[in-house]
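Now, the feature entries from TrEMBL:
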type     : residues                    : note
BINDING  : K90, Q111, K114, G165, S376 : substrate binding site
ACT_SITE : K126                        : active site, proton donor
SITE     : D166                        : site 'Important for catalysis'
BINDING  : T209, N240                  : NAD(+) binding site
Amino acid sequence: MSYVDEVIDLIVRENPDEPEFHQAVKEVLESLRVVIEANEEQYRKDALLERLVNPERQFKFRVPWVDDSGQVHVNTGYRVQFNGAIGPYKGGLRFHPSVNVGIIKFLGFEQIFKNSLTGLPIGGGKGGSNFDPKGKSDREIMAFCQSFMTELSKYIGADTDVPAGDIGVGGREIGYLFGQYKRIKGLYEGVLTGKGLSFGGSLARTEATGYGLLYFANAMLKANDETLEGKTAIVSGSGNVAIYAIEKAIQLGAKPVSCSDSTGWIYDPEGIDVELLKEIKEVKRERLTAYAEARPSAEYHDGKGVWTVKADLAFPCATQNELQLEDAKALVENGVIAVAEGANMPTTIEATEYLQENGVLFAPGKASNAGGVATSALEMSQNSQRLSWTFEEVDAKLQGIMENIFLNVDAAAKEYGFDKNYVVGANIAGFKKVIEAMNAQGIV
Ligand SMILES: NC(=O)C1=CN([C@@H]2O[C@H](COP(=O)(O)OP(=O)(O)OC[C@H]3O[C@@H](n4cnc5c(N)ncnc54)[C@H](O)[C@@H]3O)[C@@H](O)[C@H]2O)C=CC1
Ligand SMILES: O=C(O)CCC(=O)C(=O)O
């Protein structure tokens, strides 16, 4: 049996009930076959893949908190410090009822390669809780964040592990988490990113993942003699990533016509009104039905359905496995020319293969959504310098980073004979730097 197959088998056997983690490992290792097979003897001797797929350490802890009526609740918290070969662990925190150790491990594993692709010194980590922020008061959110950080603070620090936001964790939560860290540790340091601008946050971090996605898509389209100008785009999600992907798509001349949340979706043929969407989602924290009520051109539909809308481009920006084989078939049928992932692993392996086989340009999230974590690393740099850069400075660096990621991914794909396969290109380019650092640091 080949080394790749052996390690995939091992991961499935040793981590039962973690299908998302199996999926992420399979996708990466399958596409690295060409590199691994060329070095199989040495890698096997060094147990390189076993070390790559096993987190350096993982924490699981109890998070008790009291709701507004005095009732005590207990949630589970996680932090997985996956790989620290190229820098302090870096990756977001997700608060969502679906969170379990397998989801955090898939996200942490992806983060290793994404962070490597940014070219910045950050290792891979991820964390979160099965806490559901929906319907909670600000006071309850604060109580949860304070309890979560009381435990998490033992494992993180500006030079060891620097969490940030992800699903269910935005500026409000990062503020409460930062306040509690400072109170416990007595340290005013860059231990979290995505902070508010008045306490060490970076301009453009809020926008960075969505903007970065569009900078990557623009570079990919240009390299294929295409452009964003005049294209219709379907976007899923209506959170941080989706909102700023929509905003940048409009600025670059495309027309995004959809967005979604976990209960339904919007089709707005006149183009999404991004200021209205921000008001509803960021300020009022309302459902998307409020968008349709306020905007005569928009239709609201229950359930899942954005991928059936006719468009040129698709940007999945909600959650894992939201774009499946039947959705990929609908996209191809409708003439979509490019799919760029804003979310982490939103496209299943079968759907990705179908899109690629049918000539659709496909940008994997670990490359195309890396702008968020890259800008987090820029926030860490500003915190270390005790300086703040302007929006324009950060945005220009972000754009440069995303264009560079595209060039590196494209070059790696070409070098190994997989021209235009950006999945293979991203995995190879991300992997090479990590294993070089791991090899240089000995068996650790
Ligand atoms: N925030 C960031 O900087 C980054 C986020 N990501 C990824 O982007 C995706 C979206 O994250 P954010 O926008 O930050 O989160 P968010 O909490 O701001 O928004 C999440 C969006 O996804 C939708 N959603 C969540 N679970 C869903 C489900 N089961 N079915 C359908 N819709 C669902 C929500 O309704 C919401 O519109 C996630 O996959 C996250 O891991 C990736 C890179 C960076
Ligand atoms: O900004 C960060 O550190 C984390 C971003 C993140 O969680 C991600 O890239 O998926």
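Numbers here mean position along the shown chain, with the first residue as 1.
The backbone N, Cα and C atoms fix where each Cβ goes, and this holds for glycine too.
Where the annotation comes from TrEMBL, it is an automatic prediction and has not been curated.
Bear in mind that the values here come from a model prediction, so they are computed numbers and not experimental data.
Overlay of TrEMBL annotations on the structure.
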residue : record                         : Cβ within 10 Å
K90     : substrate binding site         : 28
Q111    : substrate binding site         : 26
K114    : substrate binding site         : 28
K126    : active site, proton donor      : 31
G165    : substrate binding site         : 26
D166    : site 'Important for catalysis' : 27
T209    : NAD(+) binding site            : 32
N240    : NAD(+) binding site            : 26
S376    : substrate binding site         : 30
(request) Could you measure between Q111 (substrate binding site) and K126 (active site, proton donor) for me? Cα positions, answer in whole angstrom. (result) 8
(message) Measuring Cα to Cα, how many Å separate K90 (substrate binding site) from D166 (site 'Important for catalysis')?
(response) 12
(message) Centre the Cβ atoms of K90, Q111, K114, G165, S376, go out 8 Å, and tell me which other residues of that chain have a Cβ in range of the substrate site.
(response) G91, G92, N115, I122, G125, K126, A164, T193, G372, V373
(request) Just report the maximum Cα pair distance in Å for the recorded substrate binders K90, Q111, K114, G165, S376, no decimals. (result) 16
(message) For N240 (NAD(+) binding site), which of the listed recorded positions (K126, D166, S376) have their CA atom within 10 A of its CA?
(response) D166
(message) Near ligand 2, meaning Cβ under 6 Å from any of its atoms: which of the recorded positions K90, G165, D166, T209, N240 fit that description?
(response) K90, D166
(message) Out of the binding-site residues I have (Q111, T209, N240), which ones have their Cβ sitting under 6 Å from ligand 1?
(response) T209, N240
(message) Can you tell me whether DSSP puts Q111 (substrate binding site) in helix, strand or coil?
(response) helix
(request) Provide the three-state secondary structure of T209 (NAD(+) binding site) computed with DSSP. (result) helix
(request) Specify the secondary structure state of K126 (active site, proton donor) as given by DSSP, simplified to three classes. (result) strand
(request) Using DSSP with the three-state reduction, classify G165 (substrate binding site) as helix, strand or coil. (result) coil
(request) With S376 (substrate binding site) as the reference Cα, tell me which of the recorded positions K126, D166, T209 is the closest one. (result) T209
(request) Report, in whole Å, the straight Cα-to-Cα distance of D166 (site 'Important for catalysis') from K126 (active site, proton donor). (result) 9
